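Note sheet for the following structure.
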Amino acid sequence: MSDLKTYGYNTFSEIFVSVSTENIGRVTTVNKTNYKIITESGFKTGELTGQMLYSLSPSELPQTGDWVEIINYAESCIITKVLPRKTTLLRKTAGRTSDVQILATNIDTALIVQGLDRDFNINRLERITVALLDAKIKCIIVMNKIDLDPDWQSKVEKVQNRLPDITIIAISALNNTAIDTIQKQLIPQQTYIMIGSSGAGKSTLLNQLVKKEIQQTQTISTSVGKGRHTTTHREMFVLSNGSLLIDSPGVREFGLALSDSDSVTTSFSDIKYLSEKCKYKNCTHTNEPGCAILSALEDGSLLIEEYNSYLKLRNEAIHYQQTVQEKKKKGKNLAKLIKDMKNKNMKKRYD
Ligand SMILES: Nc1nc2c(ncn2[C@@H]2O[C@H](COP(=O)(O)OP(=O)(O)OP(=O)(O)O)[C@@H](O)[C@H]2O)c(=O)[nH]1
Ligand SMILES: [Zn+2]
């Protein structure tokens with residue numbers, strides 16, 4: 001039991017009422033088709049039942065962070081079911097499709113790591129926090145490499161002004177500066193994930209937090225300005241204070257996978273406040289008379305940058321919703337086609 005507790009069982013157990021603890025595990029690493037699983041009696045290698053392997057879609061398969069039902073089998077176990085997820089961290093796959101990939105599940109809080117060097121981008125920070133809050137995942141922004149930027153304080157201030165409700169911690173992972181400030185924010189048995197561009201310093205920070213060289217960090221190749229891809233898979237670590245941390249591969253462009261365009265508005269506090277003063281209830285804030293947002297833009301009380309990133313996010317959210325709906329419709333059409341075919345065959349048989 002103590003192993004399960006270490007990996008967050010108590011913060012998640014309300015949904016397991018009917019499952020005995022010996023049949024429960026949590027996925028800490030995914031390796032193609034086998035899984036490293038923490039169970040009541042330590043780590044085991046888990047495999048899927050054949051039926052699961054062939055009947056589940058990629059997003060339904062076990063992911064790092066998932067709680068699963070298992071059948072113990074000597075030193076290994078067989079996964080029979082993925083338990084309901086508290087949160088799912090998605091990202092869009094490469095290309096312009098609406099396909100999404102799961103980065104990890106059952107995350108409580110994300111540490112968004114951004115370097116103060118070339119990596120620094122306030123609009124990107126805003127987009128990422130919106131996507132995370134949309135997925136019910138809390139965020140902490142970690143601004144790394146303060147040793148490289150004498151002007152770091154004003155950048156931190158800018159970010160704090162734009163995102164007043166989010167905790168921002170400025171550190172130097174390399175020099176071990178302010179790492180303890182992060183540690184103080186981390187709650188035992190809660191699950192955290194680090195996300196950020198390749199080269200932002202995630203592995204360096206992880207090493208400082210775990211206090212030993214787990215991940216090998218690599219030197220940035222200055223010619224391209226991108227860290228070489230060193231982290232190749234997601235793995236869950238237990239930190240000394242008992243919190244859990246998943247390291248994720250470099251996510252150069254953390255694509256959004258928003259499900260709800262309204263939550264975009266909620267995340268932009270200025271815009272939300274103003275939008276309540278628009279003349280029309282369904283104002284799109286683009287060309288309507290009596291639009292409070294447009295007039296705030298005109299008198300300069302709303303920044304054009306904030307308005308633009310709001311519009312961009314809103315359009316993405318709408319586009320994402322539409323493609324999901326189209327897919328569902330296509331799925332339904334296909335199901336109907338199969339049903340019709342089956343009916344026809346049945347008729348033939350009995351005619
Ligand atoms: N000057 C300075 N360099 C840093 C700091 N943190 C990390 N670096 C350097 O930045 C480079 C990339 O760091 P990593 O920790 O490998 O970056 P990462 O985010 O894990 O990258 P991926 O594994 O590709 O996702 C390394 O050369 C680190 O030494 C810092 O606080 N200051
Ligand atoms: Zn308006």
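Every residue gets a Cβ built from N, Cα and C, even glycine.
Curation plays no part in TrEMBL annotations; they are all automatic predictions.
As written in TrEMBL, here are the features:
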DOMAIN    97-254  domain 'CP-type G'
DOMAIN    105-252  domain 'EngC GTPase'
BINDING   ASN144, LYS145, ILE146, ASP147, GLY196, SER197, SER198, GLY199, ALA200, GLY201, LYS202, SER203, THR204  GTP binding site
BINDING   CYS278, CYS283, HIS285, CYS291  Zn(2+) binding site
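Mapped onto DSSP classes, the domain 'EngC GTPase' (105-252) shows 43 helix, 36 strand, 69 coil. Rounded to a whole number, the C-alpha distance linking GLY196 (GTP binding site) with CYS278 (Zn(2+) binding site) is 36 angstrom.
Working note on the binding-site residues ASN144, SER198, THR204: by count of other C-beta atoms within 10 Å of each C-beta, ASN144 ranks first.
Predicted-model confidence for the domain 'EngC GTPase' (105-252) is 82, expressed as mean pLDDT. Checking the binding-site residues ALA200, CYS278, CYS283, CYS291 against ligand 2, the ones with a C-beta less than 6 Å from an atom of that molecule are CYS278, CYS283, CYS291. For the recorded site, CYS291 (Zn(2+) binding site), the DSSP three-state label reads coil. It is 41 Å from the Cα atom of LYS202 (GTP binding site) to that of CYS283 (Zn(2+) binding site). The highest number of surrounding Cβ atoms within 10 Å, among the binding-site residues ILE146, ALA200, CYS278, CYS283, CYS291, is found at ALA200. Recorded residues SER198 (GTP binding site) and HIS285 (Zn(2+) binding site) have their alpha carbons 36 Å apart, per Cα-Cα distance.
Close to HIS285 (Zn(2+) binding site) in the fold, though at least 6 residues off in sequence, lie ILE271, SER275, CYS278, CYS291, ILE293, LEU294, each with a CB less than 8 Å from its CB.
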